[in-house]
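> Sending over a structure as structure tokens; questions will come in a sec.
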Amino acid sequence: MKHKSIAERFCLTAHVVSTLFGLAGLLFILPNPELVANLPPMGMNIFVWSMATGGVAYIVFGAATLALYGYRTLGLGTTLAFMIPSLFLSLSSELLGTSTGFPFGHYQYLSGLGYKIAGLVPFTIPLSWFYMGLTCYLLARAGLKLKMGDSWVRQLSALALGAILLTAWDLVLDPAMSQATFPFWQFQEVGEFFGMPYRNLAGWMGTGFIFMSVGAFLWRKTPIALSRSQLTLPLIVYITNFFFGAAITVVELDTRFLFPVALSILFGVVPAIIFWWNAKPSLDTMESLLSSDNITTPSAVEVVAK
């Protein structure tokens, strides 16, 4: 178990560091090439390679982090029961979207996110759907204290909240990735909502809800109860990915885009923190004291008069 935790922490650290490195490159280095103009040839080669692979690295490390986290806390089968549907359904949705415009609107991916499946969708995109989808759904379940056998209303509520958290992240991701100085994709139609078509938001909600629903169905006989400390990693991942999009949006785009950033905080970051806090602490003192495993029952004492 210890080696799993070490690998998980390594991937989380690499995810956060590569995210910050990518931000530094996009916001400071690329707009100011004179900062690296005097690098020696080897340094320049390293810089060019790192900028070319940075977008891939932070997503791959994010997916690896959540895969290892799921393996450690949920088990291999439970993790795969969420991972496989999320990868397959999100990729299908993206291929449909880039081919037909449904359900996200007409758009195309540019370079910087790795090899494109069918020449349309970078392989890293379904990976990001997986790790952010799992992050959002676990936090939403914790917020409702969802248990195996709960009513379908509570089950649907957790799915809806998970999809909302996921879509709230997109409110800062899409402007940052499609309208900043160095875009990674572009819409091929005029978007009504800060450059995004409204159906893009509906597509995010729908895609997230569908693959989370499949995962929830496959989990229906699996008891899942994660403590607050166990949910700290998903919270860190959510806030890290929000910060990536928000920083680019705030720094590179005009003040109008503060509105989607505020919406992302209101419907994403704040609920995520509340859901995390709503989970049980890792050590429930009262339960620990009262559990039968921790109580020593005194044996009968024979009183001997002296």
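Cβ from N, Cα, C; glycine included.
Not measured: the values here are computed from a predicted model.
Per TrEMBL, the feature transmembrane segment maps to 12-31, 46-69, 76-97, 117-140, 152-172, 201-219, 231-251, 257-277.
I would like each feature placed in context: is it buried or exposed, what are its neighbours, and how far apart are things?
Sequence-distant contacts of the transmembrane segment (12-31), counting only residues of its own chain at least 6 positions beyond either end whose CB sits under 8 Å from a CB of the stretch, comprise 47, 50-51, 54-55, 57-58, 61-62, 64-65, 180-182, 233, 236-237, 240-241, 243-244, 247-248, 251-252.
Residues of the same chain lying 6 or more positions beyond the ends of the transmembrane segment (46-69) and with a Cβ under 8 Å from any Cβ of it are 4, 7-8, 11-12, 14-15, 18-19, 21-22, 25, 29-30, 36, 39, 79, 83, 112-114, 124, 127-128, 130-132, 134-135, 184, 233-234, 237, 241, 244.
Tertiary neighbourhood of the transmembrane segment (152-172): same-chain residues 132-133, 135-137, 139-141, 143-144, 146, 200-201, 204-206, 208-209, 212-213, 216, 238, 241-242, 245-246, 249, 260-261, 263-264, 266-269, 271-272, 275, selected by CB-CB distance under 8 Å and a gap of 6+ residues from either end.
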> Under a criterion of three or more Cβ pairs within a distance under 8 Å and sequence separation of at least 6, are the transmembrane segment (231-251) and the transmembrane segment (76-97) in contact?
no
